[in-house]
Number of protein chains: 2
Amino acid sequence: MEQTIKVKTAHHAYAVKIIPNGLSQLGIYLSKIWSKRQIAIITDENVAPIYAEQVRQQLGSAGFTAQLLVIPAGERSKSWQQLIKLIDQLAAWHFTRSDGILAVGGGVIGDLAGLAASIYLRGISIVQVPTSLLAQVDSSVGGKTAIDLTAGKNLVGTFYQPDLVLIDPTVLQTLPERLVIEGYGEVIKCAALVGSNFWQLTSKIHSVADIYKFSSELIAASVAFKAKVVTEDETETHQRQLLNLGHTLGHAVERAAAGRLFHGEAVAIGLYQICRLFEKAKLTVSPTTEQVAQRLQAVGLPLTDEALATPAFYAALTHDKKIHDGRLTLIYLEKIGQPNFYPWSLKKVIIWLKRELPTIN
Amino acid sequence: MEQTIKVKTAHHAYAVKIIPNGLSQLGIYLSKIWSKRQIAIITDENVAPIYAEQVRQQLGSAGFTAQLLVIPAGERSKSWQQLIKLIDQLAAWHFTRSDGILAVGGGVIGDLAGLAASIYLRGISIVQVPTSLLAQVDSSVGGKTAIDLTAGKNLVGTFYQPDLVLIDPTVLQTLPERLVIEGYGEVIKCAALVGSNFWQLTSKIHSVADIYKFSSELIAASVAFKAKVVTEDETETHQRQLLNLGHTLGHAVERAAAGRLFHGEAVAIGLYQICRLFEKAKLTVSPTTEQVAQRLQAVGLPLTDEALATPAFYAALTHDKKIHDGRLTLIYLEKIGQPNFYPWSLKKVIIWLKRELPTIN
């Protein structure tokens, strides 16, 4: 069953389509939105052996001229080096503004290819085909693109919307289990923000097998929420900040763990800890933290990590790119489905965390 | 006398201010639009010795924290290398989204700093202080940013609007004369597009001294026209294409001349030649070409060059980034003040040019 969710920003309107086995009809869907053109398939070394040939055939039989560029897998590819390589390749293929990019992969591919699409010739069209659960529920929707600097993650990027996001939940079958679980961390975050039916849906998830079973519903609910937020506020001035629930502490612990934690795992930790801290401060009602913990633990997501509250954790927090004039805005839950903003000075946040966060080491 | 021209795009509204001696009041003007913050002054090796200290003092006395980065002068700085250096420097200074960039220089500095501002942290604020006539009348208004690739000029960039463009015509006194003349090439292009009073104004320019004498008026007329076009059409889908008058042949001859011609000189050649060719084809009325030639020659701008119609010229034309599906749109003048579009296939354009353009070699 095909589900379509519309996203609308100041400059651009597009659809996110959730289509089981959609990858095997990719040519048809691209033909509906794009005239005949050259298409650069950007993918990584993990995805290419499984899907590159199928995607290339889909494009060919739909009358497109397909080019293929395979990027090394992993966060390290969100680099200047890979960005330049990608753009040089587009220029070598003589890509014009009427050609397009097809990003087939997880968040790394989506972020890198999205940035390339947004700056090559001041912007060429792109379609996102996210293949990890994390990318399907989060990074492929909203138009954020990025590469990393030595100084921090996602420090260079743009807001740039694709022409279509095509999500095929069946590709999760070929995804390593730990990546499915981390993606579910972001799903829980969305469900906690939305509450109501979405939070109810997550009560059915008692194992990784349940994530597969309900993948279409979980993805659709997450995307619908994110699409609504992005439609209202593309560039993160207010409403979009809600999506950062669990991310301030999450990013810091992810950074401090130096690659040991996946992003969705770090978000799970950040989400649980911010609930625990705000519940202690009487701003989050009981038993919100307990409910969140149950949902996360049902699939084996972590609630804490030894990198939490280490010097590296605080160093990362200090360089959070959402700090403005020495202040940052923590997102917390008054209860499930009722998030709120807590703007505070960085200095006070750190004093508070040093007092309240357990040092597990 | 201060003149203000408003520019409005989908996302952003800002002012272009033309202020004789504005540089010596920079701190006041920045204070009006920006809260206290860190400001990175980006400038080049030619401009820095003359203005860097004054600008730094202006910022300091207005309560800003000024940082300074000096880039090598010249088109070669529109490179990945300088972009990465600039962005690494912003990260090293711990620039956040509430800090800002001040670009003080010609088109190279404006394009490079503009691109950096648009992608660092997905966009931080920027003020443009163009110091060449070309930048004052053209590149600083409209929000185009860019670096070059080996494959061609301006192949990587964004559309990103500044918070303010502050133009001080008195800085032209320290600009080498050839750069003043080339800037006037773009002024003539604008005047030819607008006609009426603007074209009349250029009839007063009989020498380079006259450019200085009427600089405020010439800049204001050019900026007003460009602001109008950009306000109506930020991303060059139609109306903005008019600004490309003289640029298709101009870019190609500039490229073929391999650095020997300045951009405004190449535009002068492109403008004259497109008039001549279309007048021969009876689409431009006589004596438009003659009028254009008089205006250009009054200040010593070239009408032709030995690089015109060379193999390198045709090679550059073939890689014009405005070609879509093998077609391009030539802009021509029916008469002064009345431009029109001529969409054509690249193949036919080249056959036509090979027949009609003089090979001077």
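Any Cβ shown, glycine's included, is placed from N, Cα and C.
Listed in sequence order, the residues of the same chain lying 6 or more apart from A:Ile109 (NAD(+) binding site) and placing their CB within less than 8 Å of its CB are A:Ile42, A:Thr43, A:Asp44, A:Val47, A:Ile71, A:Ser77, A:Ala103. The NAD(+) binding site feature in TrEMBL is assigned to A:Gly107, A:Val108, A:Ile109, A:Gly110, A:Asp111, A:Thr131, A:Ser132, A:Lys144, A:Lys153.
Just so you know, the Cβ of A:His263 (Zn(2+) binding site) picks up 21 other Cβ atoms within 10 Å once every protein chain is counted. Here TrEMBL flags A:Glu186, A:His247, A:His263 as Zn(2+) binding site.
For the domain '3-dehydroquinate synthase N-terminal' (A:69-180), DSSP puts the residue distribution at 46 helix, 30 strand, 36 coil. If you look up TrEMBL, you'll see A:69-180 marked as domain '3-dehydroquinate synthase N-terminal'.
Look at TrEMBL and you will find A:183-322 tagged as domain '3-dehydroquinate synthase C-terminal'.
Confidence for the domain '3-dehydroquinate synthase N-terminal' (A:69-180), expressed as mean pLDDT, is 96. Under the DSSP three-state reduction, A:Glu186 (Zn(2+) binding site) is assigned to helix. Farthest C-alpha pair in the NAD(+)-binding residues A:Gly107, A:Val108, A:Ile109, A:Gly110, A:Asp111, A:Thr131, A:Ser132, A:Lys144, A:Lys153: 21 Å apart.
The closest partner of A:Asp111 (NAD(+) binding site) among the binding-site residues, by CA position, is A:His263; the full candidate set was A:Glu186, A:His247, A:His263. Counted within 10 Å of its Cβ, the other Cβ atoms near A:Glu186 (Zn(2+) binding site) come to 27, all protein chains included. Counting other Cβ atoms within 10 Å of each Cβ, the lowest count among the binding-site residues A:Gly107, A:Asp111, A:Ser132, A:Lys153, A:His247 belongs to A:Lys153. A straight line from the CA of A:His263 (Zn(2+) binding site) to the CA of A:Gly107 (NAD(+) binding site) spans 10 Å. Looking at A:Lys153 (NAD(+) binding site) and A:His247 (Zn(2+) binding site), their Cα atoms lie 13 Å from each other.
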